[in-house]
């Protein structure tokens, strides 16, 4: 008797308190396969977009888990998140997205930084995917990237690309890079780096073969990109990147989105779902970017000058 | 921990229970430290996924994936027995080769099974919610696997294998063909690991070239946790405690994932897991030491 009355009053007071606080906070659960600056920037961008749309402080619960590069942990995280019944699950990079999509058919899943969502079977189509999944692809505009490199290195014949043959994103990128390069009369030389400790050796393999090195958006390469840059300085081979945040770490130039922006664009999709749209009726977006980052100091150290035309276009000049 | 998260923990725990049994078979029974598992786990997953995607029946695909992984074990045994390459090194060589082979088998680094039929498909019409169905299925697989393995280790052949592990010379002197036992043991061990990989790919929706990394650590942790908490008195208990050890390991990971409230960050996961596993290892020792002290005091 006494226990039940205590229970009742507890329930009543909880109800009173919660009605005083109005609506319960929006719960966004995010997860990424691994932590590195680009993927972390995606997460921060998502949060920023939520804040900009009025979801912050008390009315936002935002959690983040990293799978530390292990797909089994990604799978466990996905299940844990589904159990917490968040409003939306945001999954960054392919294995995390696949684990989340497998774990729930009802909770909306928004993926981000997945290069090829169709090959990853996250959605059946990019337009109006249906179901509970949509998101943002970071398939780079490779033609734009190569055109930029040609501005720096006008007689570019051979372009070296270090990449991880074990990473889905990197392989899709390389395949489309080859197609684009052929049309532009550029030859691609690839160097495999299955682990971040192999990146340095891969970069060294390209020296003497390539007129320039292009670091694609590849988790392994990006996480050890400093070793490529060091090789570029030592061997006087210019190093370019597929994402702007890598320019801040020492690549000469990149055109595209930065990952924070990519996170923001992902966040916009999240907000649309929060406002009542069905994930299945939102097209999978391609990341947009108009940023041009240049690093003149690094260009000099790698033995080239930044063309004036490029300097004038640059949205950011890294000091 | 929510029910769904708990079921997910159990599911992955049961799957890795098979890995733990495989690791137990090589490390404890055969005294053969075998790192092939990091590659054969992925091989089981990769071969099964590639076959399913190309239209093969999931059950047949799982069987073939398991056999492929068993063959990887045979290669390690062959390198060790035929060419006298140190067991550890032989297994590292096979594991390294498997990375490339797995990429070839899949044709790319990641194969999605999200929309493909799996071994679970025939049961989906039974009306059991998916979250329970997966757990029940992998639990049945792990327990049957465990029972079959301990039955095997009690047979004449299994006893001979145990003899090889504990004293090779003595076993040889008693007319046991040592090499054959090592071949069979490694095939069996990697087969179990490959089966785990195949099940993981099907319940998690993908096979990925990186999925095997650290399998050996997880397997060993599960074996040791199981042994230290449930003892090593009988083979049946040890084999089944591989499953329990694996589940406890996953619970430790889950707890580490839920540790936000203590001010931990996502990047602290590995350390937290290591600490939790270490605690579970220390606990039985501390308890027995405490008991021994108490007993001594009583005597005095």
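Glycine residues also receive a Cβ, built from the backbone N, Cα and C atoms like all the rest.
Bear in mind that TrEMBL entries carry predicted annotations, made automatically and left uncurated.
Long-range contacts of the transmembrane segment (B:6-27) within the same chain, counting only residues at least 6 positions beyond its ends with a Cβ under 8 Å from a Cβ of the stretch, are 33-34, 37, 41, 131-132, 134-135, 138-139, 141-142, 145-146, 149, 185-186, 188-193, 195-196, 199-200, 203, 215-216, 218-220, 222-223, 226, 238-239, 242-251, 253-254. Annotation comment: TrEMBL describes B:6-27 (among others) as transmembrane segment.
Same-chain neighbours of the transmembrane segment (B:34-53): 19, 22-23, 26-27, 60-62, 64-66, 68-69, 72-73, 75-76, 87-88, 91-92, 94-99, 101-102, 105-107, 111, 113, 116-118, 186, 189-190, 193-198, 200-202, 206-209, 211-216, 219, counting only residues six or more beyond its ends whose CB sits under 8 Å from a CB of the stretch. The feature transmembrane segment is assigned by TrEMBL to B:34-53 (among others).
Packing against the transmembrane segment (B:86-106) from elsewhere in the chain are residues 32-40, 42-43, 46-47, 49-50, 72, 75-77, 79-80, 207, 209, 212: each is 6 or more residues past its ends and has a CB under 8 Å from a CB in it. Annotated transmembrane segment per TrEMBL: B:86-106 (among others), in sequence order.
Per TrEMBL, the feature transmembrane segment maps to B:126-154 (among others).
The transmembrane segment annotation in TrEMBL covers B:182-201 (among others).
The transmembrane segment annotation in TrEMBL covers B:213-230 (among others).
Under the heading transmembrane segment, TrEMBL lists B:235-257 (among others). With a threshold of 8 Å between CB atoms, the same-chain residues lying at least 6 positions outside the transmembrane segment (B:235-257) that come near it are 1, 5-6, 9-10, 12-14, 16-17, 19-21, 23-24, 28, 142-143, 146, 149-150, 153-154, 218, 221-227, 229, 264, 268-269, 272-273, 276-277, 280.
Positions annotated as transmembrane segment by TrEMBL: B:269-286 (among others). Outside the transmembrane segment (B:269-286) by six or more residues, the chain places 221, 224-225, 228-229, 248-249, 252-253, 255-257, 259 with a CB less than 8 A from a CB of the stretch.
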